[in-house]
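Reading through the C-alpha cells given below for one structure.
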Amino acid sequence: MLIIETLPLLRQQIRRLRMEGKRVALVPTMGNLHDGHMKLVDEAKARADVVVVSIFVNPMQFDRPEDLARYPRTLQEDCEKLNKRKVDLVFAPSVKEIYPNGTETHTYVDVPGLSTMLEGASRPGHFRGVSTIVSKLFNLVQPDIACFGEKDFQQLALIRKMVADMGFDIEIVGVPIMRAKDGLALSSRNGYLTAEQRKIAPGLYKVLSSIADKLQAGERDLDEIITIAGQELNEKGFRADDIQIRDADTLLEVSETSKRAVILVAAWLGDARLIDNKMVELA
C-alpha cells in the first residue's frame, strides 16, 4: 500500500494507473476510521481495480474552530486498517499541501440551495467546504467511481448535484448506514460519548424508527410527529437539534406527489452532535 502526501506524487501515480487502464475508486474520509468506513472500502474494492482512500481533516468544512481542534487524528492506526483491507493508495496530505495560501482566499465550490438548507442552515459554510474539497479530490484522483455513506444524506445529495452540474464523469455510490447491534449509526463522533452516554445513544434510532412507523401507518400531521419526536429525544437525555421530514428525492417539503420521505434527525448528547436518517416509502 502506497501512502502519498504530496500532489506531484499523487498525480504521478494517477497518470500511471490511467496508462494501465485501471478502473479507480475513491473513498474520501477525514480519518479516525471505523467499520462504517471499511464498508465503503469494501464497496469500492468490489467495483474497481484500484482503491484510493483520502485522509484529510478539512478545515474549510468546520464551522466551529474547537471542533476542528479536537477532531481525532489517527493516521497510523487508519493506515494499518486500510493496509489489512488491501487498499492500494492512501492520500494523506497536510493542510498546507491542499490550501497553500490558507482557506480564506482559496477558490471554493458552492452548491446553491442544498448547501444552506437543513443541516447547512445550522452549520454555515460546512457544505461549501465539503463540495470544495470533494471537487478538488475528484480533479486530483480522477476516479471512475466514488463511495460515500448514506448516513450523511444531505452531503450525498449535494455531491450528486455537484457532479451532475459540473459534468464530472464519476459514478457516485451511496453505501447504506452501518449500525452497531443496538442500532446506533457508526460515526467518528461516537468517540466523544462517555460510557453512560453511549448507553443512551441508541435512543436516537428508536425515535427515528418511531417516526417511520407513524408515516408508514398513514399519519401525515408532520408538525405533530416532529414535536412529539423532539419531546421523546429530550426525555431520553438528548438535546434535540433538528428533526425534518423531507421528500427523499428533492429534500424539499413533503407533498402529495412525494413517493419517498427521508427523516433527518440531529441531536446533541453531551459534546457529541449525532445525526441519523431513515427512508420511508409513502403509500
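Glycine too: its Cβ is placed from the backbone N, Cα and C atoms.
Features reported for this protein in Swiss-Prot:
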- 30-37, 149-152, MET178, 186-189: ATP binding site (BINDING)
- HIS37: active site, proton donor (ACT_SITE)
- GLN61, GLN155: (R)-pantoate binding site (BINDING)
- GLN61: beta-alanine binding site (BINDING)
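Structural mapping of features recorded in Swiss-Prot.
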{"residue": "MET30", "record": "ATP binding site", "DSSP class": "coil"}
{"residue": "GLY36", "record": "ATP binding site", "DSSP class": "helix"}
{"residue": "GLN61", "record": "(R)-pantoate binding site", "DSSP class": "helix"}
{"residue": "GLU150", "record": "ATP binding site", "DSSP class": "coil"}
{"residue": "GLN155", "record": "(R)-pantoate binding site", "DSSP class": "helix"}
{"residue": "MET178", "record": "ATP binding site", "DSSP class": "coil"}
{"residue": "SER188", "record": "ATP binding site", "DSSP class": "helix"}
From recorded positions HIS37, GLN61, GLN155, the one whose Cα lies nearest MET178 (ATP binding site):
HIS37
Among MET30, LEU33, MET178, the binding-site residues in question, whose Cβ has the most other Cβ atoms within 10 Å in this structure?
LEU33
Quick one: of the recorded positions HIS37, GLN61, GLN155, which has its CA closest to the CA of SER188 (ATP binding site)?
HIS37
With every protein chain in view, how many other Cβ atoms are within 10 Å of the Cβ of HIS37 (active site, proton donor)?
26
Specify the count of other C-beta atoms within 10 Å of the C-beta of SER188 (ATP binding site).
18
Measure the Cβ-based neighbour count of GLN61 ((R)-pantoate binding site), defined as the other Cβ atoms within 10 Å of its Cβ.
22
Compute the C-alpha separation of GLY36 (ATP binding site) from GLN155 ((R)-pantoate binding site), stating it in Å without decimals.
16
Please determine which of the binding-site residues listed here (GLY36, GLU150, GLN155) has the lowest count of neighbouring CB atoms within 10 Å.
GLU150
